[in-house]
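Positions annotated as region 'Disordered' by TrEMBL: 1-29. According to TrEMBL, the feature compositional bias 'Low complexity' maps to 16-25. Here TrEMBL flags 161-509 as domain 'Peptidase A1'. Under the heading active site, TrEMBL lists D179, D392.
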Amino acid sequence: HAAPLPSTPVQHQHRPTSSSHSPHMPMAPPPLLPLSALLLLLLTAASHASAKPVQTQSLLATPLSPDRVSAPSELARDDDTNVFAAAEDAVAGTVRFRVVHRDDFSKNATAAELLAHRLERDEKRAARLSAAAGAANGTRRGGGGVVAPVVSGLAQGSGEYFTKIGVGTPATPALMVLDTGSDVVWLQCAPCRRCYEQSGQVFDPRRSRSYGAVGCAAPLCRRLDSGGCDLRRSACLYQVAYGDGSVTAGDFATETLTFAGGARVARVALGCGHDNEGLFVAAAGLLGLGRGSLSFPTQISRRYGRSFSYCLVDRTSSANSASRSSTVTFGSGALGSTVASSFTPMVKNPRMETFYYVQLIGISVGGARVPGVANSDLRLDPSSGRGGVIVDSGTSVTRLARAAYSALRDAFRGAAAGLRLSPGGFSLFDTCYDLSGRKVVKVPTVSMHFAGGAEAALPPENYLIPVDSKGTFCFAFAGTDGGVSIIGNIQQQGFRVVFDGDGQRVAFVPKGC
């Protein structure tokens, strides 16, 4: 450190010195540092003192298994004798069901193949959500609740999560995709004009005592974005098309749904699809969990309120731990003991009522805020409906507006300078590392910061994921030019994600499974 410089020259006294100096010659004064050099020295010292070490956490670097797997999920089995037999959940006004990942239904596939399919589907879904968010779109509190299990899997390759419910009276078990990015509830129905192969029996409305057709003039029919009318039968028709080319069409009707634990909800409006094709492998249909008027949470809100939560287990959990299933919960039990500080307000997009928008205000890497992740890049423009950040269960990889992603990626690369970069990237990932031969690796922390003070500190497996059996791990974020940023399910794993529709807020509860 530089010693403080005196403001006036010091008078040096004549003292006896060693034999090399004349006793009558004064000592030379110390040289004065130029002011600019002194300032530089002080600034350097200050920056070294204030530079914080990069915060890290330990990643268990387990590569993908090279083995082919066929591990049918419990929910894929046809033994449903006890699924809908019991009474409603012990928490009054709560329904809970188990959830599984689509890959749990795969047959004879490697983890790498499943990942490749998943990323391919992911591109299409992200494009569909971006297109929908940019386009103009034309959706009361009561006690109660519903719970179903949610399961994660790598075997079918879609990144969607499934749950099993009962449809009709008597109840036909149906495996349904959970989707926060859409509203309409639908399932395949007999007789089929075109049906894809599904797990379990196709629902036949002719055998259900509680099935009710919806007329063309009914208010329910008018709430459909793309409804129609079969004039001969005066029957309301629905059609839903997805960005990946999948489509379902048929009769719009009402039906009784039954949940694990025996809770029953009557007169839920749903599409009974006689003409279905696309990438809906295994599932019987889709449970729309969006914010619109026809979504499942909105329809059951009189009995259960408009709150639900889910917990998505690690996408590879099915390979190593059959016991790790997760659940989706509707009703008063959905909030649980979530503390207020975990919540961030929902943001409304007047041009797209379905999606759950939140305000992401920053991201930290290694304990330091990334300066280039600017609120302006992630803010929703209410007038155009573009921009903003949505939380989505059906997208796997989090996508950020291009400028924000570039800043995040560069910050992570800088903080992870000790890791060996793998050249060339992988699929949509441009930042990958060669961790071959390493068991445990220290990696920089990553946290997402939301309006209202909420924070999601991600576990390392939520942002560095294995992509092959050789030890290549990739930074599981991507950039997008599509307008809307998306927080995907890889980043949500292990959190209980709470959608409090009554309070218009979202929470990310760590270790909530």
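Including glycine, each Cβ sits where the backbone N, Cα and C put it.
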Including all protein chains displayed, how many Cβ atoms other than that of D392 (active site) lie within 10 Å of its Cβ? 24
Measuring Cα to Cα, tell me the gap between D179 (active site) and D392 (active site) in whole angstrom. 8
Number of other Cβ atoms within 10 Å of the Cβ of D179 (active site) across all protein chains: 24
Mean pLDDT for the domain 'Peptidase A1' (161-509), rounded to an integer? 91
